[in-house]
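Some notes on the structure that comes next.
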C-alpha cells in the first residue's frame, strides 16, 4: 500500500510545479509549490483519468466516485477530487499545504494514476448559481497538470 505519491505539474505555458502527497492516518497531506501563476486563487482538483495524451483535457472530469455535485473541500457534498483553490502571491507562486480526509493513496478513493490539475480561474466551490458551478466550480481551463504516481 502506497503511503507517498508525487505529481509533476506541466502545461503549455509558464505554469509548473511539484506536489507531494503523504498518507497520515485517515487523511492525506498535500504539499508543494506551483510557479508561473497569475496572482490570486486557482482551482485545484484531481481529475478522473491519468490520460494526458491530449494535454490536460484528456484527464476527464473531476474524480467523483460517489456521483456527488461539485463543492468545496470542507463540504459534505463534493467530488473526491475537489481540493478547492491554491492562492498565488504577487510573484505567481502558490505554496500548497492541504490536509484532506476524502482522497486516499489506496482503495476505492485512491488518487494514484489520476491527474492533478491547476486551473486558470478560482473555484467557486459549487456556489456560482449555475449548472457549470455544480460540475467544475467555474474554474476555467487547465494551466498545468500531471499524473500522480507512487513515491518512495
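Positions of Cβ are set from backbone N, Cα and C atoms, glycine also.
Copied over from Swiss-Prot, here are the features:
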type: MOD_RES; residues: 2; note: N-acetylalanine
type: LIPID; residues: 7; note: S-palmitoyl cysteine
type: BINDING; residues: 45, 47, 62, 119; note: Cu cation binding site
type: REGION; residues: 55-79; note: region 'Disordered'
type: DISULFID; residues: 56-145; note: disulfide bond
type: BINDING; residues: 62, 70, 79, 82; note: Zn(2+) binding site
type: MOD_RES; residues: 104; note: phosphoserine
type: MOD_RES; residues: 106; note: phosphoserine
type: MOD_RES; residues: 121; note: N6-acetyllysine
type: MOD_RES; residues: 135; note: N6-acetyllysine
Cα separation, residue 79 (Zn(2+) binding site) to residue 7 (S-palmitoyl cysteine) (Å, whole number): 20
Any further residue of that chain within 8 Å (Cβ to the Cβ centroid of 62, 70, 79, 82) of the recorded Zn(2+) site: 45, 63, 64, 68, 69, 71, 78, 80, 81, 126, 135, 136, 137
Of the recorded positions listed as 2, 47, 104, 121, 145, the one whose CA lies nearest the CA of residue 79 (Zn(2+) binding site): 47
Cβ packing number for residue 106 (phosphoserine), 10 Å threshold: 12
CB-centroid shell, 8 A cutoff, Cu cation site 45, 47, 62, 119, site residues removed: 43, 44, 46, 59, 61, 63, 81, 82, 117, 136, 139, 142
For residue 135 (N6-acetyllysine), the three-state class that DSSP assigns: helix
Packing count at residue 62 (Cu cation binding site) (other Cβ atoms within 10 Å of its Cβ): 24
